[in-house]
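K.L.:
This structure is in structure tokens; I'll ask about it shortly.
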Protein chains: 2
Amino acid sequence: MPEPGWIDEIFDGVRYGLEGTVVAEEQSAFQRVSIIESKRYGKGLLLDGCWMTAEGQERHYHESLVHPALCGAEAIDRVLVIGGGDGGTARECLRHGSVQELHMVEIDGLVVDWSKQHLPSLGGGCWTDPRFQLSVGDGIAWAAAAADASYNVVIVDGSDPAGPAEGLFNRAFFENCRRILKPGGVFATQSESPEAFRQVHIDTVKLLREVFGYADPMYGWVPMYPSGWWSWTFAATDGARYRQVQADRAAAIAAGCEIWSPRWQRGAFDAIPAFMERALNQ
Amino acid sequence: MPEPGWIDEIFDGVRYGLEGTVVAEEQSAFQRVSIIESKRYGKGLLLDGCWMTAEGQERHYHESLVHPALCGAEAIDRVLVIGGGDGGTARECLRHGSVQELHMVEIDGLVVDWSKQHLPSLGGGCWTDPRFQLSVGDGIAWAAAAADASYNVVIVDGSDPAGPAEGLFNRAFFENCRRILKPGGVFATQSESPEAFRQVHIDTVKLLREVFGYADPMYGWVPMYPSGWWSWTFAATDGARYRQVQADRAAAIAAGCEIWSPRWQRGAFDAIPAFMERALNQ
């Protein structure tokens with residue numbers, strides 16, 4: 001057992017560290033997977049040395065990624081999640097009773113296995129929910145192979161655009177996501193930090209606007225990601241429907257949310273910094 | 001000259017560090033004052049080992065603290081800033097042409113001297129602006145001694161409620177701030193992190209509501225502060241006037257803002273996390 005110490009992610013002259021111990025670490029076929037036990041936020045997951053999630057502060061990320069999409073799409077019968085191997089995104093989706101089928105395509109089986117074993121609160125009941133179907137494989141290929149208009153919601157819960165997640169930020173992938181969306185559907189992706197990854201963020205939002213017609217970033221907070229200031233971007237073909245919250249769906253989930261509420265969502269879309277509004281309108 | 005390395009603030013099992021060098025460090029009568037040169041954000045200031053500000057990322061903090069107050073008060077002829085020794089708050093206030101007189105009361109003359117010397121971009125032209133009057137002294141005593149209804153806006157730009165800033169978070173101080181505000185005035189203070197200092201934040205907002213009648217937190221981002229998720233709270237006696245932006249004042253400053261805009265401000269007030277809305281309504 002290693003001694004307790006600091007587990008840091010270093011990015012561009014800044015480091016964010018949690019005090020704790022590495023409890024499991026292995027090189028999978030895709031990346032180095034680490035599980036840590038931290039003093040402040042409980043157990044956590046790193047991929048290639050980058051913080052992904054932790055038990056004690058995962059709600060902001062997962063509620064932000066899921067509920068604007070699931071409360072805005074016309075119907076939510078069929079949902080596709082690409083990535084999301086820790087289970088947190090699937091858990092939040094399945095809180096919506098109208099979801100009939102949830103397909104999750106995660107490339108790295110070790111992330112799923114270790115999340116079930118070490119981070120059971122992340123997935124909660126998702127792993128045994130009869131609506132949930134896991135495929136361990138390539139989400140980009142899945143999106144390319146899926147039938148036209150086969151999902152109401154497509155959610156991309158991937159890591160930074162390097163390594164296995166690189167193909168989750170390009171036009172060909174986004175065009176397939178658009179193609180497989182049903183009319184009235186919503187697409188959602190994490191879209192990096194407006195500060196630490198400013199250009200990737202701007203390029204992603206602009207490309208989604210080109211491909212879907214409508215796309216808007218929403219801003220929030222993930223302290224363990226570079227700069228702590230994070231974004232999620234939502235897209236649709238028939239208007240900014242991800243900004244309109246269906247009241248019955250909101251009412252059914254609100255009491256179980258720590259961060260998300262219709263008011264919080266409205267604020268998080270409006271809280272676009274002035275420099276970013278200028279950059280996106282150029 | 002010390003070797004370059006990491007300069008960290010550690011809080012409750014979490015650390016945030018910038019790669020850089022300590023260029024000046026001294027114990028003043030009140031605290032340990034450190035100036036660092038960082039790779040990522042340029043020169044920065046720490047007090048008692050806690051990050052205060054840095055050249056490359058000070059705009060979010062200062063624009064957030066100042067403009068909701070200065071765009072919401074009925075008049076803005078006379079402004080009082082308590083703390084704020086780095087000059088960033090005074091600089092943003094003085095961008096408003098209607099400000100006739102700005103009194104700044106900073107307890108630690110060394111912070112002022114070193115900010116002028118090492119962080120000249122923070123204060124900008126404030127130090128020589130004829131409207132600006134600096135007093136090195138106790139801001140709590142200043143508020144207690146000031147005449148009734150003598151300021152249009154009172155801004156508290158202090159550090160965490162420990163050491164010299166402890167008295168900036170209690171009822172007696174807030175009551176004096178209310179007393180010295182003119183009718184139609186606005187009070188503003190940094191109000192800690194809703195995550196790392198949750199109880200202090202909640203207690204501060206509730207106390208301000210009791211003392212002033214109206215008070216609301218606004219949420220944003222300061223990566224070098226514990227958790228990165230930060231808040232500022234605004235208060236007034238005649239309604240939530242800090243949420244209403246006077247269009248002419250906004251138009252005069254908008255082009256020079258990196259973060260603040262009327263839309264961003266509306267969002268930052270609305271982006272209150274669900275758990276906090278519940279806690280404040282209890």
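Placed from the backbone N, Cα and C atoms, the Cβ positions cover glycine too.
Since the structure is predicted, the reported quantities are computational estimates derived from the model, not experimental observations.
Copying in the features that TrEMBL gives for the protein in this structure:
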type	residues	note
ACT_SITE	B:Asp157	active site, proton acceptor
BINDING	B:Gln31, B:Glu106, B:Asp138, B:Gly139, B:Pro164	S-methyl-5'-thioadenosine binding site
BINDING	B:His62, B:Asp86	spermidine binding site
DOMAIN	B:4-237	domain 'PABS'
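In the displayed structure, how are the listed features positioned relative to their neighbours?
P.N.:
Summarising the environment of B:Asp157 (active site, proton acceptor), the number of other Cβ atoms within 10 Å of its Cβ, over all protein chains shown, is 28.
Secondary structure from DSSP puts B:Asp138 (S-methyl-5'-thioadenosine binding site) in coil. There are 16 other Cβ atoms within 10 Å of the Cβ belonging to B:Asp138 (S-methyl-5'-thioadenosine binding site).
When secondary structure is read from DSSP and collapsed to three states, B:Asp86 (spermidine binding site) falls in the coil class. Long-range C-beta contacts of B:Asp86 (spermidine binding site), restricted to its own chain and to partners at least six residues apart, with a cutoff below 8 Å, comprise B:Leu45, B:Met52, B:Thr53, B:Glu58, B:Val111, B:Ser115, B:Leu119, B:Leu122, B:Gly123.
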K.L.:
Fewest other C-beta atoms within 10 angstroms of its own C-beta: which of the binding-site residues B:Gly139, B:Pro164 fits that?
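P.N.:
B:Pro164, out of the binding-site residues B:Gly139, B:Pro164, has the fewest neighbouring Cβ atoms within 10 Å.
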K.L.:
Could you find out if DSSP has B:Pro164 (S-methyl-5'-thioadenosine binding site) as helix, strand or coil?
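P.N.:
Looking at the DSSP assignment, B:Pro164 (S-methyl-5'-thioadenosine binding site) belongs to a helix.
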K.L.:
Going by Cα-Cα distance, which of the recorded positions (B:Gln31, B:Glu106, B:Asp138, B:Asp157, B:Pro164) sits nearest to B:His62 (spermidine binding site)?
P.N.:
B:Asp157
K.L.:
Take the C-alpha atoms of B:Gln31 (S-methyl-5'-thioadenosine binding site) and B:Asp157 (active site, proton acceptor) and report the distance between them in angstrom, rounded.
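P.N.:
With distance taken Cα to Cα, B:Asp157 (active site, proton acceptor) is 16 Å from B:Gln31 (S-methyl-5'-thioadenosine binding site).
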K.L.:
What is the biggest Cα to Cα gap, in Å, among B:Gln31, B:Glu106, B:Asp138, B:Gly139, B:Pro164, the residues listed as binding S-methyl-5'-thioadenosine?
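P.N.:
The two farthest binding residues have Cα atoms 16 Å apart.
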K.L.:
Check the domain 'PABS' (B:4-237) for me and report the mean pLDDT.
P.N.:
96
